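Undergrad: Please read through the structure below; I'll follow up with questions.
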Amino acid sequence: MSKSGTKITFYEDKHFQGRHYDCDCDCADFHMYLSRCNSIRVEGGTWAVYERPNFAGYMYILPRGEYPEYQHWMGLNDRLSSCRAVHLSSGGQYKIQIFEKGDFNGQMYETTEDCPSIMEQFHMREVHSSKVLDGVWIFYELPNYRGRQYLLDKKEYRKPIDWGAASPAVQSFRRIVE
């Protein structure tokens, strides 16, 4: 485990079997060590794991825990190639603003809590811009924390491309807490 207490282990086979690769820092390309990834054990920290090298492709956020099959982290397949530790803010404060239009225009909603459905909670169909005032958050493209994930640190996001999305399809979001 690193000095910061972060550690993740990737396994080629389900249920933590087969070849494995241990990592305690950001890694832009580990697919040369493993041909596939079917299970993961996060022993310290929260991690963002990516389908392609250089932190590209589908991203999955994994807090401490065991993931015996790729479906347990909502993976689409057994391909992962890069990872990075998620650095959580100190103090445990969380606050986010979401906007119905780009560049912080239109109706704005502010919350400090997780939201399983922006349609039910805020009567919004999409999120076109956002300001993360405190904490680290995950946007999900579907309700109930499903679908593609996007990691948002403390900063301003004027349009969906700023958080890595091709469209404003955000239907739920939540805080990353340790």
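For all residues, glycine too, the Cβ spot is worked out from N, Cα and C.
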Undergrad: Would you mind telling me which of 16-21, 40-45, 88-93, 124-129 Swiss-Prot tags as region 'Connecting peptide'?
TA: 88-93
Undergrad: According to Swiss-Prot, which listed range is region 'N-terminal arm': 2-5, 110-113?
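TA: Result: 2-5 is the stretch Swiss-Prot calls region 'N-terminal arm'.
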Undergrad: Could you count the residues of the domain 'Beta/gamma crystallin 'Greek key' 2' (45-87) that DSSP puts in helix, in strand and in coil?
TA: 4 helix, 22 strand, 17 coil
Undergrad: What else in the chain is close to the domain 'Beta/gamma crystallin 'Greek key' 4' (135-177), if you only count residues 6 or more beyond its ends and a Cβ gap under 8 Å?
TA: 46, 48, 58-61, 63, 74, 86-89, 92-96, 98, 102-104, 113-120, 126-129
